[in-house]
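Student: Dumping what TrEMBL says about this protein:
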type     : residues : note
TRANSMEM : 6-31     : transmembrane segment
TRANSMEM : 67-88    : transmembrane segment
TRANSMEM : 100-117  : transmembrane segment
TRANSMEM : 137-158  : transmembrane segment
TRANSMEM : 164-182  : transmembrane segment
TRANSMEM : 189-222  : transmembrane segment
Amino acid sequence: MNENLFASFIAPTMMGLPIVTLIIMFPSLLFPTPKRLISNRTISIQQWLIQLTSKQMMAIHNQKGQTWSLMLMSLIMFIGSTNILGLLPHSFTPTTQLSMNLGMAIPLWSATVFTGFRYKTKTSLAHFLPQGTPALLIPMLVIIETISLFIQPVALAVRLTANITAGHLLIHLIGGATLALLNINTMTAFITFTILILLTILEFAVALIQAYVFTLLVSLYLHDNT
């Protein structure tokens, strides 16, 4: 067992060079582009899931917001596939890195905010000062609303990082406990191993749910600004 609990979160290198870029590009190989007139079952299921998710997520948007559909579908596919691949043994999960998640959250959040200031300037500015606010509270409310606006991308990134990291740490700890109990009490080790399997199944669901939550929040920010 690896003694360093956080060793699996260290960015891997090969010959002294970081290979995070290759790992980030790898999930794109899991979604092949159909080249035949009649698709096979795998591609058909893939297209059905994409259409179902896109229809559900784009239902609240107007015509301008629906132009982001390709971006949002690419985002949810990338995060979901990256999270699932990170559950494989001896693999690296890029979404456990706060820097990477901030690199996704800040540009997307900035684009939605700039879109709102460009096309809905009055409405966007009105969010900083609710109607009927007393004059004495105006400076304080403007500061509070500004802070809450700028904290949105940080909350997006921290939420994704914390959920994925916590799951991986829990799997690591329970896996280590199972190996330690194997030579002490076989029945207890079997129970711990069963818990480990159930937790792994739960982490598969969490990997997809967190991808959906991240994309859905970006979609809601876009809806508020279009």
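Every residue gets a Cβ built from N, Cα and C, even glycine.
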Student: I need to check the long-range neighbours of the transmembrane segment (100-117): which residues 6 or more away from its ends have a CB within less than 8 Å of a CB in the stretch?
Tutor: 24, 64, 71, 75, 79, 94, 123-125, 149, 152-154, 156-158, 160-161, 214, 218, 221-222, 224-226
Student: Under an 8 Å Cβ to Cβ limit, what residues of the same chain, 6 or more beyond the ends of the transmembrane segment (137-158), are close to it?
Tutor: 98, 101-102, 104-106, 108-110, 113, 127-130, 214, 217-218, 221
